Structures are given as C-alpha cells and as structure tokens.
Amino acid sequence: MDKVLNREESLQLMDLLGLERSAWGNIPLMRKAYLKKCKEFHPDKGGDEEKMKKMNTLYKKMEDGVKYAHQPDFGGFWDATEIPTYGTDEWEQWWNAFNEENLFCSEEMPSSDDEATADSQHSTPPKKKRKVEDPKDFPSELLSFLSHAVFSNRTLACFAIYTTKEKAALLYKKIMEKYSVTFISRHNSYNHNILFFLTPHRHRVSAINNYAQKLCTFSFLICKGVNKEYLMYSALTRDPFSVIEESLPGGLKEHDFNPEEAEETKQVSWKLVTEYAMETKCDDVLLLLGMYLEFQYSFEMCLKCIKKEQPSHYKYHEKHYANAAIFADSKNQKTICQQAVDTVLAKKRVDSLQLTREQMLTNRFNDLLDRMDIMFGSTGSADIEEWMAGVAWLHCLLPKMDSVVYDFLKCMVYNIPKKRYWLFKGPIDSGKTTLAAALLELCGGKALNVNLPLDRLNFELGVAIDQFLVVFEDVKGTGGESRDLPSGQGINNLDNLRDYLDGSVKVNLEKKHLNKRTQIFPPGIVTMNEYSVPKTLQARFVKQIDFRPKDYLKHCLERSEFLLEKRIIQSGIALLLMLIWYRPVAEFAQSIQSRIVEWKERLDKEFSLSVYQKMKFNVAMGIGVLDWLRNSDDDDEDSQENADKNEDGGEKNMEDSGHETGIDSQSQGSFQAPQSSQSVHDHNQPYHICRGFTCFKKPPTPPPEPET
C-alpha cells in the first residue's frame, strides 16, 4: 500500500474520506467511506465539486495501484529510480542479471494431456471433443410411470428428478432437508442419476422443479410427478438402472403402497346426478342440490314416497339413495350439480338446433300429458272437475277460444319472419296476463320485463336463449287512453328491438359469465294496457286481440276461488284440456294422437256435454262454476237475481266476450269453429249448443204449488 500513493496523497485521501490514518489499507472500510462521501460531495446534492474531483482522482489512483500490486508478476519489473550508478560494481551485477535468459536448455516443460503423440512434427492436431447433448426426457422405460402434465395444478406426494451425477448427489441431501422426505433414493441411469423421493405432504410439480433449478444453473434437470410409485421404484432397482443410495435400508416394498386392510373410498357418481337432472329436466343448481339431498334418507320410511305426490322424488329415491348418501358428505356438491345443470342446458341447446319447432312443441305436449297422467291418476290429488271448470271459464274469455289457441300455436310453430308476435291489449283485469301465462306454460318459455333501462336490458333479453317463445309482460308506454296509466319506456325499448321482433336476422344474446349466443330471437306475446303503439311497432304484430273486462267473469272468479288458488286458469294444462275437448284428433301431431284419443275417451266418460254446458252457463251467469246443484231457497234466489241481471244480455255476455283484429299488412287466416260430435239441441231446452256457444235461455219458472 505504501507504493500505491505517496505520503502526501495518502494523507489527503484519508482526510477527504473522513477516516483515521490507521485505517489506511482497510479497503472495505475505505470503499464504504468513499460511497458515503460521494453522496455528500456530489454537486447535485449541494456538495463541493472540487473536493469531489480530487477524491475521485486519488481514490481511482489508489484502486488501480492495489489491483496492479496483486498481479502475480508484480515485482518482476524494475523502476528507473532503482538502477545503480553507471560504472560501479552494483551496476555491473544489475546489468548481468538484466541480460540473463529465463529459459535454459537443461530445463524440461511438462507434457500436456492434449498434446498429440504423433512422431511427425507435421501431424494433424487433435480434434476437439464433442459435447454430449443433454437428454430431453426420462428414459423410455420409465415414461409409463410418470405424469406428463406441464401446466397442471395437481398436487402429488411422489416425484422423480433426472440430472447429472454431481447435481444428483447435491440434490439428494438438499431435498431430504428441505421437504423432510419420507423416502429418497438415488439411481444410476445411462451416465446420469435419477432421484426418486416421497414427501409427507402434497406439492405441485412446479414447486419441486423451481427449487431444484436454483441448484442447477448449468446442468440439465428434468422433474416430473410419479403416478405409479411402486412400479417406478421397482423399475429403478432393475437393469439397466441400479441403486446408489437410499434413505431406508432395504428400500420400499409393495405393501408400503397397498396395505392389506385398506378400505376403498367411495366416490360420488357424477353420472347418476346428471342422469337425474336430465330425466327431471332441472336447470336450477340450488333446486337440484336440494332435491338430491332428500335422497340421502331411507326410502322405506319416506313420506313423499308413501304418498307418491311428487314424481320427481318417489320415482328416483330408491335408485339414487346410495349415491345421495355419499353426495351428502361431498365437498363438491355445488360443482357436481352445476355440471349436471350444464348438461341439461347443453341438451336443450342441441334440441333447439336439431329439432323442428313442431317436434319441440310435441315434446312439450308429451311432458304436459305426463304431468296430467300423474295429477289425475290414482295417486294424484288434482280434481278433474275443477280443471274442466277452468276450461269452461277460459273458453268464455274470448269467442272461439279454442280456435284462438290453435291459431297461436300454428303461428309459433311456423315462426314466419315479421309474423311472429301477438299483441294482447286491454284495460286492467281484462284477462290479458291470464291467457298469456297459460299460453306460456303450454308452449314453454320465459317472461321478460322490457321496462328496464337500456343498460340492463341486454341481460334481460339473454334469458330468452334457447327458449321456444317469450312473453313481454305488461309493457308500459306514454300517451295512453287513460291518464291513470303510469308511463314507462317499455314501448320505446320494443321499438328499438325491431330486429328481435322481426326474426329475419340472428341477434346476439348474452348472460353473465357466458359467451354471447347468436340466434334468431324467439317469437311470442306482448301484453300491455291501452297505450298508443307507434306504427313501426304495430307492423311487427301479426294479430292484436283487444280485451275488455267482463263483470260476469269477475263474479264467477269471486265465487270459484279454487280457479285462482290452484292457478288453474293460468295453467297450460287447462288450455291443453280445452284443445283435447274441442279440437279433432287429426289436428294433433301423429306421435301423440294415441294419447289424445285416450284422454278424449276419458273426458267423454267422466263428463257429459250437458255437465260442461252447465259449467259454461254458470260462468255466464256470474256464479260459481260448479254451483249447478243448488237446492236451497237462498241459492235459487241468488241464481234468479243473477239471471235477471243477465236476462237482457245473456247471449250478449258470450258475444261480447272479446274481439280480435288482425294487422292489415300481415293478416292471418282464421280457423272455423270445431264441429261438435253432439247434436244441436232445441232452443226450448235449458242447455244446448248454438253456434259454438251456449244459448242461455232459461225455461219458464213453474207456478208455485198451492198451499194445502
């Protein structure tokens, strides 16, 4: 260090560094002080520029001198100040030493391993050794035992590492300490080594690989999970492999992996859950979860199975009992149900693409007929008289009601562009929503609220994905005939959805967490109060039915509460019973005609035409539909009072039950009223058929009997 700087420079540098003189030569301490003073003297930090320059110059000179002094040949050079005075004996010695050769003939150079042994001095130099390429994968004999997943989150407890001999020896100790392995062994494999080890806890392959790669900067390393632990270890102990070392003397045995008394863990059958969802057509995750959890209890003492009221339960309880018991303890209940529901929706998507609309409607009718067989069967709780009463009430809602329903079904099946939507318009409590709800259940579909803001409307329209029809319920607008009607933006929104209503082009429908679905928007119904409809929207309706409130229908409902309590008049089954009662068998699809015939025969046996006409008579009179067996004087007085109220307009009630108008530019042919199989009765009789409706002319009241 004394030759690096002279004394004046060294003192000056130590003063600039702020160190004691005794610290001269302590390079780390001087380096730390230098970095600290650089921040202090730097001009950008407000320091002294001259001191900064002087300190940098001296420190750089000192640093270069230290590096030069540590060179191996330092001291083999001479300095001009060290040359003796010319002419003296010292100068002669120095001169002789300066001219002395470093290599003498008596010396021999050690031979190198890389030198050629050829005798000729003109022989070809030796070729460079070729670098051996690193293997790309484990030996082929072991591939069947390994997992080949690359980007998997699966966790394992058994791994294998393929690397060089040197790194394998290092990793053997490092992995044993890092993961507290249960067992580890090192094996020879084609000039390389393989590590096989078991961990007490499960890890991802990527975690093991990342740790091992830190210790193998240049050496190759391949890390994989092991699927077949014992087969892998057994193969590593046989040729062409061999054991170098292992943590357990004697290694592993087969019974270490397959204990004799091990019990097989029973797994939930996802397939059975999916089959149940498909058979019941359940597309609600939570509903499916709740129904399947009910199967975990014994079916022998199940009240639902004893009563046999719910076919979705008692038909499947015994079959799914064992699987549901395992399902109840599963941690993936919702995931299993979600997959089952997705399968149901996928089947529905396939049907919407592959089946015709007529086939889809036929399948819907089959489902309704199955429900009717259960409802009105021996174990069912439904009363067919009440449902036929609902048919009688619905048939009085509009003239030729069965033909209206038949026309609507044809319109939905044909699905002709710009001739796909019906408009139900009328005041409050006129029957619009009742009929729309029944038609919706008859065909299958969804009801949509179009009165929402535009930013929420897209997701509301997404509900229509893969549906047979939709109902835009209670659409609000502006400029209604009555000032009491609330205003809304529903009609304006519908006017902006002309391409949806037309059905000429496919539109994009979206749901949350799902990709957009491009399809023809389904046809359907629009219900509204007496709002004004713009011409651009009116042109999208093939038929408009104007509803009017009718007092006799309202009074009949008040006296027949079961029609509303059991939602009979809003049910598609009531409309299907109406079609079975009124329409000929030939108008139904051929595949269900046999079932229609069976139901026609059953209705003929259980209901005569006179009984049905009594029901319609009671509807027109505004009394209870099933109140035709009245014997008390009070009931006779009530009936007479209702008859007097309707005496002047008995037939008018039926004639004014509603009227329908077709769109001028898009008219649709109407169907003739069905011809009844019964003969036309005389007008003098109390109940008979007259132009498809009941002529309600009561016979003259007999004179009172004289008192005795």
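Glycine is treated like the rest: Cβ placed from N, Cα and C.
When SER242, SER352, SER381, SER676 are compared with the annotations in Swiss-Prot, the one labelled phosphoserine turns out to be SER676. When the ranges 63-89, 306-332 are checked against Swiss-Prot, the one recorded as region 'Binding of LT to the CUL7 complex' is 63-89.
Among the candidates SER112, SER487, SER670, the residue that Swiss-Prot annotates as phosphoserine is SER112. Looking up the ranges 103-107, 228-232, 413-417 in Swiss-Prot, the one annotated as motif 'LXCXE motif' turns out to be 103-107. When LYS53, LYS334, LYS516, LYS697 are compared in Swiss-Prot, the N6-acetyllysine annotation sits on LYS697. When SER657, SER665, SER679 are looked up in Swiss-Prot, the one carrying the note phosphoserine is SER679; the rest have no such note there, which does not rule it out for them.
Counting every protein chain shown, the Cβ of GLY426 (ATP binding site) has 18 other Cβ atoms within 10 Å. Each residue in GLU294, PHE295, PHE299, LYS304, ILE306, TYR314, TYR316, GLU318 lies on the same chain as CYS302, CYS305, HIS313, HIS317 and has a C-beta within 8 Å of the C-beta centroid of that Zn(2+) site, without being one of the site residues. Among the binding-site residues CYS302, HIS313, HIS317, the residue whose Cα lies closest in space to that of SER430 (ATP binding site) is HIS313. Separation of the C-alpha atoms of LYS432 (ATP binding site) and CYS305 (Zn(2+) binding site): 39 Å, rounded to the nearest whole number. In the structure as shown, the Cβ atom of CYS305 (Zn(2+) binding site) sits within 10 Å of 18 other Cβ atoms. The secondary structure of HIS313 (Zn(2+) binding site), as reduced to three states from DSSP, is helical.
Of all the binding-site residues listed here (CYS302, CYS305, HIS313, HIS317), HIS313 has the Cα closest to the Cα of ILE428 (ATP binding site). When the binding-site residues HIS317, LYS432 are compared by the number of other C-beta atoms lying within 10 angstroms of their own C-beta, HIS317 comes out lowest.
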